[in-house]
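**Student:** According to TrEMBL, the record shows the following:
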DOMAIN    1-401  domain 'Major facilitator superfamily (MFS) profile'
TRANSMEM  38-59  transmembrane segment
TRANSMEM  66-85  transmembrane segment
TRANSMEM  91-112  transmembrane segment
TRANSMEM  124-148  transmembrane segment
TRANSMEM  154-175  transmembrane segment
TRANSMEM  211-230  transmembrane segment
TRANSMEM  242-264  transmembrane segment
TRANSMEM  276-294  transmembrane segment
TRANSMEM  300-321  transmembrane segment
TRANSMEM  333-359  transmembrane segment
TRANSMEM  374-394  transmembrane segment
Amino acid sequence: MWLVGLAIYFVAVFHRSSLAVAGLTAADRFDISASQLATFTMLQLLVYAGMQVPVGLLVDRFGSRSVLLTGTLLMTLGQTGFALAESYPLALVARVFVGMGDAMTFICVLRLVSSWFPTRRIPFVTQVTGTIGQAGALLAAIPMTWALSHLGWTTAYLIAASAGIVLGVLALLVLRDSPAARTLRGPSLSFAAVRTSLAASWAHPGTRLGFWMHFSTQFSATTLALLWGYPFFVRGEGRSPATAGFLLTVIVVAIMCAGPVLGWLVGAHPWHRSTAVLAIVSAIVTIWTVVLLWPGNAPLPVLVVLAFVVGIGGPASMIGFDLGRTSNPAERLASASGIINQGGFLASLLLVVTIGLILDWRTPGGSTTYPPSAFRWAMSAQYVLWAVGLTQVWRYRRRTRAVVSRDELEGVVRAPA
Ligand SMILES: N[C@@H](Cc1c[nH]cn1)C(=O)NCC(=O)O
């Protein structure tokens, strides 16, 4: 069950990232400017973040199997539309469908993990899910670049879309919501029930802690990987395109290395989940400060450390979902995960837009040849998000610890007195 869900999530990450290497071809095909190109990424993030809570509610109501199948269908339709679109507005509509399908995937897989694995394995399997799923971005980078240049736009994207048909059929035949039932159905979704369920999830400080953990940890990596990393390394730090590509790969390597380690750590020391997040965000802030204060271009080893430490933020964000799991009953798990999953994507959306605005503001003459000083200003916008995120993690960590029993969390069984 897990492998089927994981395969669909892997393909969702592949679809999500498949535009990153097609930017120049897309600009030619649709005859669009750089900001119109960036609109694709913003729209996708907006749809993804906006759908998290509704998707969580749908999963709690209709089960992961039904929602995952719907998501796979939407992504496949979207990617097929993108392959065939010849105008910018049609391509935007197709990207909205890809974003909607993508938004339906991860929460379903988290729910499958909690239904099919013993409790003590869940933190580790959740991390491995994120780690393997994120490798879909690697598939989007290398084979997709080859396919676009050798097979052309339409064939490359149609082949990508066909993965959804194969996985959709597999999921239809194989997937079960839980060992006890092929399809689980929760209570019906009246407006009052939805409000009560969301309010109950949000009222638990553990859900809020999870949201702010997700918010603080992943935006730096997401923003670099999806849009601004390449221009920052090339224009802001004077590196060659090949070195910029290498630095973006270091982010993915960091995700692969840190995911299983954090999964083990969270399973073994659940009481210290927020300490791990505070330490990782502090490390990210420190290395960014070194790079931004470096006189002139930072040396390559420092940029490698930056890419690696920022990459660790991706798996660190998964710790937020573990807070959601231990703070909510099973029937509210998916909606709590939806609330938490909004954090990092909202922060990334804010940052993607703010960096664009600051670059335009600090670049003379409306040109897109952004100078290194403009990148320093733009990347410094992250301090506002870190300040908000770290303050909230600190506040809600204290509140969560006040209502959660450490012994229960750590599974300590005390002998009767
Ligand atoms: N933080 C990511 C997943 C991740 C895991 N390792 C690195 N990144 C996340 O929130 N994922 C949701 C999704 O849909 O990808």
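Note that Cβ sites are derived from N, Cα and C of the backbone, with glycine treated the same way.
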**Student:** Quick one: find which recorded stretch in 154-175, 211-230, 333-359 has the most Cβ pairs under 8 Å with the transmembrane segment (124-148).
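**Tutor:** Going through each listed stretch, the top one turns out to be 154-175.
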**Student:** Kindly state the mean pLDDT of the domain 'Major facilitator superfamily (MFS) profile' (1-401) in the predicted structure.
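**Tutor:** Here the predicted model's pLDDT, averaged over the domain 'Major facilitator superfamily (MFS) profile' (1-401), is 91.
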**Student:** For the transmembrane segment (38-59), name the stretch out of 211-230, 276-294, 300-321, 333-359, 374-394 with the most CB-CB pairs under 8 Å.
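**Tutor:** By Cβ pairs under 8 Å, 333-359 leads among 211-230, 276-294, 300-321, 333-359, 374-394.
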**Student:** Among 66-85, 211-230, 333-359, which stretch has the highest count of C-beta pairs below 8 Å with the transmembrane segment (276-294)?
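**Tutor:** That would be 211-230.
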**Student:** Of the listed stretches 66-85, 91-112, 211-230, 300-321, 374-394, which one has the most C-beta pairs under 8 A with the transmembrane segment (333-359)?
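**Tutor:** Comparing 66-85, 91-112, 211-230, 300-321, 374-394 against the transmembrane segment (333-359), the winner is 211-230.
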**Student:** Please give the sequence-distant neighbours of the transmembrane segment (211-230): residues at least 6 beyond its ends with Cβ less than 8 Å from one of its Cβ atoms.
**Tutor:** 17, 20, 38, 41, 45, 137, 241, 244-245, 247-248, 251-252, 255, 273-274, 277, 280-281, 284, 288, 307, 310-311, 313-314, 316-317, 319-321, 323, 339-348, 350-352, 355, 378, 382, 385-386, 388-390, 392-393, 396
